[in-house]
Amino acid sequence: FLLNKCQVNEKFNMTEDNHSLTTEFILIGFSNHPELRTILFLVFLIIYLITMVGNLGLVALIFAESRLHTPMYIFLGNLALMDSCCSSAITPKLLQNFFSKDRIISLYECMAQFYFLCLAETADCFLMAAMAFDRYVAICNPLQYHTRMSNKLCLQMTTGAYIAGNMHPMIHTGFLFRLTFCRFNQINHFYCDVLPLFRLSCVDPYINQLMLFIFAGSVLIFTITLVVISYLFILFTIFTMKSNKGKGKALSTCASHFLSVSIFYGSLIFTYVRTNSGNEEDKDILVAIFYTLVIPLLNPFIYSLRNKEVINVTKKVLKIS
């Protein structure tokens, strides 16, 4: 990452007198196959509808049912809310662009889209870490659960996730104002992210890249460390269980949760904390699909379908015997 500074400086050491400043961008992601636009539109529309129904339905269920007013479900409800925010920040504009002739997004719309996406993803990182810690206390120290996971601690962890979720994009959005754009205005992506903007900047984006590396890396390292340590203790406790039935059930549940967390963190690391290795926009698009569309779609089902209490409450609400 740091070794590319000299190359970046050389690339951006040029006059801007003959360039007009760009205030609008064209999102050209998925535009290479116009014959597939109807199919892609329907696929992403269905994903969006299922995502919103699944996540907002889970939020409403947890809010309405007093039996679910526990730390685990409070974290899960806030995770579902942030997944809805993530999907809503991306998908409506994506669907519009499939049948739009210009595919234009203004600079301020671009910043707003990145802000809400970054807010949702950052809050998700901390909420997933909080959920992992909650499961660690519940499985490894069940007798101390209500003492250690108090309502006060739950509120503090949830509030901290939202504060970090807002502070992180504020930093990067603020640093975007130091950049000027006078080159090509085409962004090879299906939403407005900071990495494509860095490539279009007429100003050396080294400071922006460094801030992204430091802050995104810090968020990921802290939350991943907490998740991994929590699951290691959970696995150790599971393997010491005497009941094979209980061991298998716990392993199955933890495996599905850990798979979701691994895909989410892995795609974020690949996108934001890897070295700059050239033109990789196509890979960025494929990876971005996972953490912006697939994970928000799967989370409410991964965390709920294996949970008997959520299923029983859902049956009660729907009056299914």
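Backbone N, Cα and C define each Cβ position, glycine as well.
Positions annotated as domain 'G-protein coupled receptors family 1 profile' by TrEMBL: 54-303.
Taken from TrEMBL, the feature transmembrane segment applies to 39-64 (among others).
Feature annotation from TrEMBL assigns transmembrane segment to 70-91 (among others). Within its own chain, the transmembrane segment (70-91) has Cβ neighbours under 8 Å at 44, 47-48, 51-52, 54-56, 58-59, 62-63, 113, 116-117, 119-121, 123-124, 127-128, 130-131, 134-135, 138, 149, 151, 153-154, 157-158, 161, 165, 190-191, 292-293, 295-297, 299-300, 303-304, 310, counting only residues six or more beyond its boundaries.
The transmembrane segment feature in TrEMBL is assigned to 112-133 (among others).
Beyond the ends of the transmembrane segment (210-238), by six or more residues, the same chain brings 1, 122, 125-126, 128-129, 132-133, 135-136, 139-140, 164, 168, 171-172, 175, 194, 247, 250-251, 254, 258, 261, 265, 268-269, 272-273 to within a C-beta distance below 8 angstroms of the stretch. The transmembrane segment feature in TrEMBL is assigned to 210-238 (among others).
Annotation comment: TrEMBL describes 250-273 (among others) as transmembrane segment.
For 285-305 (among others), the entry in TrEMBL reads transmembrane segment. Within the chain, the transmembrane segment (285-305) has long-range Cβ neighbours (under 8 A, six or more residues past its boundaries) at 29-30, 44, 47, 50-51, 54-55, 57-58, 76, 79-80, 83-84, 86-87, 90-91, 117, 121, 188-191, 193, 256-257, 259-260, 263-264, 267-268, 270-271, 311.
Outside the transmembrane segment (112-133) by six or more residues, the chain places 72, 75-76, 78-79, 82-83, 85-86, 88-90, 93, 105, 157-158, 160-162, 164-166, 168-170, 172-173, 191-194, 219-220, 222-224, 226-227, 230-231, 257, 261, 264-265, 268, 291-292 with a CB less than 8 A from a CB of the stretch. The list of residues near the transmembrane segment (250-273) in space but at least 6 beyond its ends in sequence, with Cβ under 8 angstroms from a Cβ of it, reads 121, 124-125, 128, 131-132, 135, 139, 195, 212-213, 216-217, 220, 223-224, 227, 231, 234-235, 238, 241, 283-284, 287-288, 290-291, 294-295, 298-299, 302-303, 306.
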